[in-house]
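Student: The structure is given below, and queries will be raised subsequently.
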Amino acid sequence: MEPSEKNILKQDLQEVLNSTTPGKAGKSTEEEPLPMSINNGDKQTNLTSNGHEQYGTFTGHVTFENVLHTIGHNGRFQLLLLLTVILTNAIVDVQNVHTVFTLTTPNHRCKVPGFDQDTYAITNPRQAELVDRYIPRSGREETKKCRLLPGLNETNSLHTETKEKTVGNLTACSVWVYDETVMKRNLVTELNLVCDRTVVRSHVNMVLFGGKMLAAFLQGYLMDLFGRRPSLILSCIGVMITGIGSAFVYDDASLLIARFLIGFLTTSLFLSIYVLGIEFLTKQQRSLLSIYSRVIFGVADLYMSLMAYLLKDWQYLLLAIAWPSIVAVFMCWIMPESPRWLMSKNKLEKAEEQLKRIAKINGKTLPKGMMQRLGNTAPPGDHTVLQLFGDLRLTMRWAILYINWIVSCMATYGLAFNISNMGGNIFINFAISGFLDATVSLFNSFIVNKLSRKYFFFGCSVFGSVACILTFLPIVLDAPNWCVVALSLIGKASIVSAYPLLYTYSAELYPTTHRGIGLGSCSMMARIGGLVSPYVADLSLFFTGKLASVLPQLVFGTSAIFGALLVLLLPETSGTELPETLEDIKGKPKKSTKPARNEDEEALV
């Protein structure tokens with residue numbers, strides 16, 4: 001095309017734009033530049049209405065994806081968002097699972113009478129005599145740790161008498177001494193959560209998920225009603241205060257209250273930053289958000305394992321993992337509100353204001369009039385979770401999601417809690433677990449956008465489940481314990497890597513108008529799995545038998561396989577744009593003779 005012809009074409013485009021822009025007829029195009037494109041043979045030139053080149057090509061209908069590309073989708077704002085996601089997710093992780101160390105049960109026994117300086121380690125002959133006199137040498141492990149023999153006559157031979165004594169006529173003790181090899185002080189040793197009080201450990205983890213369930217129920221409504229940003233800021237401040245306060249609990253009641261609040265606030269924080277983040281990202285970036293979150297979880301586990309090893313004191317450890325929340329509060333404060341949410345509430349001017357702010361941070365400009373072309377797709381009225389169950393097909397879709405959230409949450413947290421029960425060095429086991437979680441999730445980040453969402457989730461879940469189920473083989477074959485530990489950690493890493501995919505997959509299935517409520521309902525259902533996970537993780541403490549030690553892995557593995565099979569019935573979302581309204585996801589899938597890819601065609605529900 002000759003230069004003169006190109007200039008004429010630019011002038012023609014400008015005249016057409018002036019005559020068709022609503023409410024702007026006769027005004028200078030400098031006030032209302034809209035992105036256009038012209039095709040110059042092999043080269044496509046992107047132009048605004050005044051003929052200047054503009055990043056991004058928009059022909060016909062403008063989508064929110066177009067807007068994100070125009071204002072910069074890989075700029076400084078996205079870096080700030082990523083740093084905020086990294087920090088908040090690290091805080092959520094360490095606050096949720098620090099009980100692996102703070103509630104681990106050390107070796108212990110009853111404190112022997114008549115020796116005030118008694119310690120778990122034998123340090124002198126007198127102490128050895130008293131231990132030999134009062135501590136049972138036979139019977140169940142619980143008997144040796146929780147019962148005292150009646151005292152012997154001092155003139156009797158201690159050695160001979162203890163060998164002849166049975167474990168009958170024993171008395172329960174109320175004071176214990178603990179092995180300080182793993183942790184010098186933790187909540188179990190401070191509050192004596194052993195013997196008849198062992199179940200309190202499970203209760204503490206259970207109330208954590210009670211708080212998470214309540215947060216999941218409320219947070220979706222709060223985010224959709226008041227916005228993503230207020231929920232993010234308030235929950236982050238709450239985590240900061242409660243995290244620091246948790247280092248000063250002094251009895252069962254204060255511990256239970258602190259863990260309930262941590263559960264409520266960490267779930268609120270995670271949902272807020274996740275929904276806010278996913279609504280700022282393009283479809284290629286959305287899956288990476290949840291996967292990188294899981295990478296950060298793994299790195300945070302490594303940090304916590306190192307701090308626990310160095311400090312070996314529950315109070316210092318809790319303070320060491322709480323201080324980053326102070327920085328997170330400031331980072332959350334500077335986050336803007338989600339333009340998608342503002343548009344769903346008919347607040348177009350505020351949405352445009354936020355987009356211009358982001359564009360400025362990225363060194364871009366938002367063309368005037370683009371928001372008018374984008375318009376508002378949200379139907380008027382309030383949005384409730386019941387609207388998601390408008391027909392049988394959608395009801396089945398959400399039910400399958402709920403089942404997978406339940407079993408994935410149960411397995412993810414349960415396998416983490418079970419690390420302290422697997423034997424071996426707890427610091428090394430937890431560090432390896434964190435390393436595997438981070439490595440597998442990082443590997444997934446390179447291939448997630450090249451594969452189907454649901455088949456990727458299916459593959460990770462099934463692989464991890466099989467590894468967990470196979471833990472019975474080393475027991476049957478009398479193989480070393482490290483084989484069980486290795487299979488358990490591999491299974492955990494694979495199942496854990498599938499969990500963030502479930503977040504992305506679910507968020508892409510729900511429309512913008514109901515995304516907060518939808519994800520909140522999924523998270524609430526997940527807490528059912530979370531509530532039972534500590535009890536399943538402790539099955540090996542309550543059952544005896546050859547396979548008792550791997551009962552948790554067997555339960556987690558079989559349940560995760562069941563959920564993964566159901567996912568095959570759901571539609572694919574990879575490479576698709578986020579649905580904005582319920583109307584976008586209603587209706588029966590269209591039949592096609594072509595292979596279904598990234599469409600609703602292959603979905604049965």
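Glycine residues also receive a Cβ, built from the backbone N, Cα and C atoms like all the rest.
What TrEMBL records for 1-52, 580-605 is region 'Disordered'. The feature compositional bias 'Basic and acidic residues' is assigned by TrEMBL to 1-13. Residues annotated as compositional bias 'Polar residues' in TrEMBL: 37-52. Per TrEMBL, domain 'Major facilitator superfamily (MFS) profile' is recorded for 160-575. Taken from TrEMBL, the feature transmembrane segment applies to 232-250, 256-277, 289-310, 316-335, 399-420, 426-448, 455-476, 482-505, 517-537, 549-570.
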Student: In the same chain, who gets a Cβ under 8 Å from the transmembrane segment (289-310) while lying at least 6 residues past its ends?
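Tutor: For the transmembrane segment (289-310), the far contacts come to 82, 85-86, 89-90, 93-94, 97-98, 101, 183, 274, 277-278, 281, 317, 320-321, 427, 430-431, 433-439, 441-442, 444-445, 448, 496-497, 499-501, 503-504.
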Student: Counting Cβ pairs closer than 8 Å, which of 232-250, 256-277, 426-448, 549-570 has the most of them with the transmembrane segment (455-476)?
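Tutor: Looking only at 232-250, 256-277, 426-448, 549-570, the most contacts with the transmembrane segment (455-476) come from 549-570.
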Student: Short question: most Cβ pairs under 8 Å with the transmembrane segment (517-537), which of 232-250, 256-277, 399-420, 426-448, 482-505?
Tutor: 399-420
